[in-house]
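What TrEMBL records for this protein:
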type	residues	note
BINDING	L185, T186, F213, P214, S215, D216, D312, H315, Y337, W370, N398	pyridoxal 5'-phosphate binding site
COMPBIAS	8-22	compositional bias 'Low complexity'
MOD_RES	K338	N6-(pyridoxal phosphate)lysine
REGION	1-22	region 'Disordered'
Amino acid sequence: MSHFSLVSTSPSSDTSSASSAPTFENYNFQIYRGQQQPQDDDNTKSESSTSHQEFLKLAHSYNYSLSQKELAITLDENDPLKHMRNEFNYPDMIPSEFIQENKDHSECVKKRVMYFCGNSLGLQPKSLAHNIEKELTKWSHIGVEGHFSSAFGTNKWFQVEESVKNAMAKIVGAKPIEVTVMNSLTANLQVLLMSFYRPTKQKYKILIEQFPFPSDMHAVTSHIKCRIGELRAIFENENLTSDEIVEKCIVQVGPREGEEILRTEDIVDCLKSDSHICVSLIGGVQFMTGQCFDMKTIAKTCQECGIICGFDLAHAAGNIDLRLHEWGCDFACWCSYKYLNSGPGGISGIFVHEKHAYENMDERPRFMGWWSRDAQTRFSLSSKFSPQPGAAGFQMSNPCILSMTAILSSLKVFEMIEQDGQIMSVLRKKSVLLTTYLELLLRQELGDKIQIITPSDSNMRGCQLSVRVIGKNLHQVDNALKKRGIIIDTREPDIIRVSPVPLYNQFIEVFDFVSNFKEILNE
């Protein structure tokens, strides 16, 4: 039984051990935090997991130890997805400022690159340039008629999003009617909150994890401020300022004292204990720690408590095996430029559960535009509005065809590995091996020079490992890695995030990264 408390704390007074996490303005948000009890079983500690045992068993079957380079070579030789790397343009240059002093990013130097930053920006599909050229050719030759023509081997622009639905639905575990692509992630959060956050005197709070990606907090706080008139009516007798209403309407769930990983039972207890929660908005994979939340349990608890369940899947889509329809969550959204490889600022995806597919404007108000309409009537001048059912009805404007071409090019790569209608389960098999190999090597070779804050259980993480660098300057370590051609990313004050992506990373790269990282930390 988890003991639970509610505290109200400003960022400066927060005593959580998550020292790497960002703070947010000067709000005094309510924070739910589970209480450590005597002899409490800390399930966040790293223990030998099933994936560890299975990996070591595999290594033994090849007659190699963990520290032997030959193991990595053999794993790559036997990798059923090794050919997928050839579908991407793999980086081969480093900005010269990291190689030579007094240089800037306007110059680059050829270098063997090891790219472990797919959690920030995925790699470019080789087919993309050709596919974009086809769209530009169509535009140049037939102009507006491109909306209705599939000339030059392209899609008709007026219904181009239809070509995305099947593959995207498989990647997030949804039905095609439940997904579409539009806008960008934070814009979609605002659009979906407008429909699903329906505050009342009884239910008016939005639950969010304590340290989300800052854009989520900007979205939620600004959304509440934009609806301040509606909320003032709810708190009409309390004479609250706008900031006080924001504080009253947002509640965060945080890690226990001395811990950095959120416990599922604490999220569940928070949902059950606060009858004022209207919407739960939790990340699928936590951007800082790499923790994968138990979305199935969270969604089930929300249903039991009459809470709308939403997920930000920025670090989950294309990374972990999702079952959005089966879990019954109400809505979700994600970006596509990380694990879905659609390029910087690539178009975002949304999920709206089938149970909401045919709700009318009175039941589920929403923002709409001409692209919300049925494709066959979009160009009609009739004032009669016939919205599309499902997620497509949340679209407002036509998508940029170049952005659509980018995500389509990437999704076709994902479809190459499809087996029996499954994509992500195939990808996850290699992903678990890659990240387990990375973790085991880091623990063996670097010991107390680092601290891995990502859970060891492969069911509680995706590709990413978040590694605290102990006793070294973060930027100096990052620059030293770049000088050797190794691309990771950093989060202040002491975290590096390393994400071996199964579509294009190799086991030998993991081995070489750890070897170089060890040398740098030993300098």
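Using the three backbone atoms N, Cα and C, a Cβ is placed for every residue, glycine included.
Under DSSP, F213 (pyridoxal 5'-phosphate binding site) is assigned to coil, being neither helix nor strand in the three-state scheme. Binding of pyridoxal 5'-phosphate is attributed in the record to L185, T186, F213, P214, S215, D216, D312, H315, Y337, W370, N398, and the widest Cα separation among these residues amounts to 32 Å.
In this structure, L185 (pyridoxal 5'-phosphate binding site) is part of a helix by DSSP.
Non-local contacts of L185 (pyridoxal 5'-phosphate binding site) by the CB criterion (under 8 A, 6+ apart in sequence, same chain) comprise S215, D312, A314, C333, W334, C335, S348.
Here the binding-site residues are F213, Y337, and the one whose Cβ sees the fewest other Cβ atoms within 10 Å is F213. Geometry remark: F213 (pyridoxal 5'-phosphate binding site) versus K338 (N6-(pyridoxal phosphate)lysine), CA distance 14 Å.
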